[in-house]
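Engineer: Dumping what TrEMBL says about this protein:
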DOMAIN    5-207  domain 'ABC-2 type transporter transmembrane'
TRANSMEM  21-39  transmembrane segment
TRANSMEM  51-74  transmembrane segment
TRANSMEM  95-119  transmembrane segment
TRANSMEM  131-154  transmembrane segment
TRANSMEM  166-184  transmembrane segment
TRANSMEM  215-238  transmembrane segment
Amino acid sequence: MKAVKNIITQDIYNLFTNPMWIFYNIVFSFLLTAALGYLTKGMYGGGVTSYDYYGIAMTVFAVMNTGTIAANSFMEERIKAGNMRILFSPVNNAWIWISKIIASFVFGLVCHLVTIGLLKISFHIYLGSGAWPWLVFLFISAELFAAVLGVFLCCLFKSEHTANQILSLVLQLMALAGGVFVSLERFGEVFRKLSFLSPMKWIIQSVFLLVYDQIPVYCIYAGIGLLILSGLGILGCFKTWKGGDCL
């Protein structure tokens with residue numbers, strides 16, 4: 001168990017000491033939310049500010065992008081030497097990818113909680129009264145799902161580059177369709193209905209229903225659904241992972 005703990009600790013350390021990933025997950029997310037909130041200031045009503053909308057929408061988008069971090073931390077070229085050492089150690093080589101899921105999950109969760117805190121302090125985004133337990137549950141579920149998805153795609157395609165290309169394309173399409181960057185509801189009923197084809201829209205809508213209408217049931221359903229998908233993704237990793245894939 002000590003060896004497993006050391007593997008996980010090292011993977012977490014690698015993520016938190018990478019300035020580019022810190023910048024992308026905290027600074028870039030914060031600045032992008034601030035810019036979009038400023039550019040659309042005054043375009044929202046009903047007690048919802050532009051910063052409220054983008055604070056939630058961009059956080060959901062950032063959380064789902066944890067998958068790209070997981071893929072990078074799993075099969076990036078400079079990581080492969082460490083994976084090779086684990087492969088020839090007495091530790092079960094499945095811990096190579098399990099550790100990457102855990103490390104990416106922890107890193108993403110900490111970064112996104114920090115970002116939410118900065119947005120709350122800077123722009124006073126509204127996160128509801130007493131909604132925190134369900135919000136945390138939903139974001140934990142989404143963070144875990146994203147990390148599992150990134151690692152699973154690496155196990156499936158045996159390539160970090162291919163996994164990231166597919167994942168980035170899918171996430172961008174879901175973000176555009178789900179109104180992450182521009183809310184499609186302002187373009188009419190047809191676009192509003194089309195936006196619900198995106199899973200990101202489901203999560204964003206669940207958060208808004210919780211925060212503004214005090215309806216937690218959709219957050220619970222979404223969180224449970226994401227946990228089930230995470231479990232299926234982990235099973236997929238066990239089925240598709242071969243030790244030599246990391247060499």
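The backbone N, Cα and C atoms fix where each Cβ goes, glycine too.
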Engineer: With pairs closer than 6 in sequence left out, are the transmembrane segment (95-119) and the transmembrane segment (21-39) joined by 3 or more CB pairs under 8 Å?
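Structural biologist: Checked: the transmembrane segment (21-39) vs the transmembrane segment (95-119), in contact.
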Engineer: With a Cβ cut-off under 8 Å, give me the same-chain residues at least six positions beyond the ends of the transmembrane segment (166-184) that come close to it.
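Structural biologist: Residues 36, 53, 57-58, 60-61, 64-65, 67-68, 71, 149-150, 153, 157, 191-192, 194-195, 197-201, 204.
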Engineer: Under an 8 Å Cβ to Cβ limit, what residues of the same chain, 6 or more beyond the ends of the transmembrane segment (215-238), are close to it?
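Structural biologist: Same-chain contacts beyond the ends: 94, 97, 101, 131, 134-135, 137-138, 140-142, 144-145, 148-149, 151-152, 155-156, 202-203, 205-207, 209.
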